[in-house]
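Below is one structure, written out as structure tokens; comments come after it.
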Amino acid sequence: MFSGPSEFDADEMGYAMSRLEIESELCDAGKDFCGVGSSSSGSHRSSEHSADLDHEISQVTKLKSCPHQRYSREVPGRHQLPVSTVRMLAGRESNFSGRGRFSAADCCHMLSRYLPVKGPWLVDQMNSRAYVSQFSTDGSLFIAGFQGSHIRIYNVEKGWKVQKDILAKSLRWTVYASMSPIVHIVDVGSGTTESHANVTEIHDGLDFSSDEDGGYSFGIFSVKFSTDGRELVAGSSDDSIYVYDLEANRVSLRTVAHTSDVNTVCFADESGNLILSGGDDNLCKVWDRRCFIDKPAGVLVGHLEGVTFIDSRGDGRYFISNGKDQTIKLWDIRKMSSSVPAKHEVQRNYEWDYRWMDYPTEARNLKHPLDQSVSTYKGHSVLRTLIRCYFSPLHSTGQKYIYTGSNDSSVYIYDLVSGDKVAVLKHHSSPVRDCNWHPHYPTLISSSWDGDLVKWEFPGSGEAPIMSKKRVRRRHFYY
């Protein structure tokens with residue numbers, strides 16, 4: 001009988017195991033657990049897979065979202081099928097697992113089947129384009145950014161009441177306007193609802209430029225907090241990556257990272273040592289700060305057009321990227337090259353600009369001859385703007401899905417392992433640049449250029465779910 005360690009178990013051991021270490025042990029110990037194997041083909045199959053996918057990340061994903069063997073062992077010949085919630089509850093009461101409670105994988109098995117596909121319900125409607133939308137770490141707050149220098153923060157636990165209405169300073173959301181190298185910090189926990197930059201509240205400015213830059217010579221395209229909240233990593237229009245030390249209040253690192261705009265950056269794991277970046281040079285790069293010498297630790301080739309967004313699985317190993325070649329790609333950083341291949345640029349016999357042209361028909365089935373990705377997902381549309389993609393939440397789904405906005409006004413949800421298109425959410429009348437899945441509940445928010453902020457949930461009574469009463473660990477947002 002196999003029982004994998006949960007995060008709680010690791011803490012009880014008296015030492016901290018990284019997610020990578022835990023998952024490696026799970027892979028070694030649970031090779032026959034939950035019937036790991038390739039999924040059967042479906043009518044919505046929309047991906048291209050490496051043979052390695054079924055061997056490793058497939059197994060890890062299933063280990064995180066499959067119930068204990070005993071729950072399914074009672075049904076001969078049906079091991080591959082999902083176990084019903086009723087059987088799971090009955091098994092818990094009968095102590096099938098021998099632990100007297102559900103494991104994290106048991107919980108994910110049940111919750112991951114409840115996709116947020118019902119709705120939508122209108123959360124807010126603005127008269128300008130919505131560009132970003134994100135839940136806080138614990139899901140109690142939600143932030144949305146709009147084109148008219150407007151940012152709103154909603155209190156999810158209090159019926160989506162506007163907790164903070166921010167009028168930003170020096171904020172531009174269009175490719176035609178000059179952008180600023182200044183990132184502003186706003187105190188979300190202050191008592192003032194209306195927050196006008198340096199009028200009703202001080203918005204502390206973090207200057208990423210230097211004297212050599214000659215002032216406002218570049219703009220920030222992407223910025224992310226480190227897990228401990230002490231640093232920011234940013235990608236810019238001057239082809240560079242910046243790391244800002246919030247305690248020292250200065251830029252601690254800057255390197256020219258790509259040969260074109262750096263559209264997206266993020267930390268690969270909780271250590272903060274690994275940084276991932278993607279740019280308009282079609283490349284994804286991995287940077288290791290422990291041996292940082294203005295050269296990436298590795299390069300990953302596969303996209304035929306620029307990279308718009310990167311999301312890390314959080315284990316320091318896997319990440320996904322959205323590309324202007326109309327694909328999401330899954331990457332394993334162990335497959336990276338030490339340098340950019342000499343012939344990584346694929347010659348194309350067509351001209352197009354993703355901001356106002358459709359993707360050429362003749363390019364849709366092209367594949368990079370040096371593609372190092374593990375899997376490719378197709379079906380959505382990445383045009384007009386830097387559309388974002390994500391892994392589904394760890395705690396409720398075991399990250400068994402990936403999801404993305406789309407230029408065709410929809411949200412797409414793919415099965416990570418099979419590549420099937422499991423849901424398409426349609427409501428908006430303009431591109432969906434961003435969307436975000438609640439970290440604990442089957443609730444997803446999509447934001448669109450039509451100005452709508454809408455909520456999707458699992459089919460039920462129509463009532464909003466009762467949200468967690470946990471407090472926010474970090475009460476600051478950036479813009």
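Here the Cβ of each residue, glycine as well, is placed from N, Cα and C on the backbone.
Caution: TrEMBL annotation is automatic and unverified by curators.
Noted in TrEMBL for the protein shown:
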REPEAT    213-254  repeat 'WD'
REPEAT    255-288  repeat 'WD'
REPEAT    300-341  repeat 'WD'
REPEAT    425-457  repeat 'WD'
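Per DSSP, the secondary structure of the repeat 'WD' (425-457) breaks down as 0 helix, 20 strand, 13 coil. Per-residue pLDDT, averaged along the repeat 'WD' (213-254), amounts to 90 for this model. Remark: secondary structure over the repeat 'WD' (300-341) totals 3 helix, 22 strand, 17 coil, with classes taken from DSSP. Here the repeat 'WD' (255-288) is broken down by DSSP into helix, strand and coil counts: 0 helix, 20 strand, 14 coil. Across the repeat 'WD' (213-254), the DSSP tally of helix, strand and coil residues reads 1 helix, 23 strand, 18 coil.
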